[in-house]
C-alpha cells in the first residue's frame, strides 16, 4: 500500500510503455515486503534535464534509464562509476545527498547470461552488430574477457568511434575492428567460431519484427553462437535464421533479468530473487 513513507523508484525513457521493468521491480519489491513503488516515467529528450533535476526534489531513491537517454544523462550526473564512464552509457542512477550517481549493469547482465551458455570468450572472435549504448556495454564486457571484437553498424562512423574509444580503454586487448553492417557476410566469413551479438532493434516486435541484421544469402560461420539482445518476440528472425543453419542461438531475456536484478540491488541495497523477476517476464 502506498503511503507517505513509500520510497520511489522509476524508469526514465521515451517511450516506456513497452518495458517489463515496472512489473519486474514491483514484483521484487512485493516479494521482499518493501515500502517502495517503481513507476514508469516517460520523459522526452528535450525534458530530460528538467526531469533529472526534479528527481531529488520529489524524493526518488533511484531510477533506471532506457533509450534514448542512456548516453544523454551523463553530463547531468554528479558521479559516474568507472565501468559506466568507460562504456559511455548509464542505465541506473542512485539519488542521494551527494547528487546523482550513475552505474551500468547492462555489461554485467549481458556477460553473466552469455557465460551461462558455457562459452569461452578469451581469444574468441566476437562480432557485434550495432554501435549504440547497448553495443558499447556488450563490447566492454567482451573486451574484459579477452574477446577479439569487430563492430559493424549502419553508420560506420559510429562503429569506428566505439571501436576507438573502447579499444583505448583496453590497450592490452587486440585492436577492435569496425565497419559497415552491409559487410556482415564478408566479415563473418573471416571469423573462426564467432559469437555474434545483435544489439540493433531489427527483429523487435512491431514494425521491425520480420527484419534481421543478417542477410539471407550470408552463411553463418561454422561453430558460431548467436545472441540476440532482442527478447520480444522470444524467437526473433535472426534466431530463426541461425536455427535453420544449425547454429545455436539465444535471446536477451536472461540479460534483461540479470541487469534488472543488479540494478535493483544498487538502488535499494536489497538483493532481489531473480526467479521472481523472471516469472513476471515469462508471464508477460
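Every residue, even glycine, has its Cβ placed from backbone N, Cα and C.
A TrEMBL annotation is a machine prediction, not a hand-curated record.
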>> Suppose a student reads TrEMBL and sees 19, 20, 21, 66, 106, 231, 259 listed for shikimate. Which of 35, 91 should they find annotated at that same site?
In response: 91
> So TrEMBL lists 130, 131, 132, 133, 134, 252 for NADP(+); which of 111, 114, 152, 229 goes with them?
Replying inline: 229
>> The record lists 130, 131, 132, 133, 134, 229, 252 as binding NADP(+). What's the largest Cα to Cα distance among them, in Å, rounded to a whole number?
In response: 17
> Cα distance, residue 252 (NADP(+) binding site) to residue 20 (shikimate binding site), nearest Å?
Replying inline: 13
> Going by DSSP, how much of the domain 'Shikimate dehydrogenase substrate binding N-terminal' (11-93) is helix, how much is strand and how much is coil, in residues?
Replying inline: 34 helix, 20 strand, 29 coil
> Relative to the Cβ of residue 134 (NADP(+) binding site), which residues of the same chain, six or more apart in sequence, are found under 8 Å away?
Replying inline: 89, 106, 199, 229
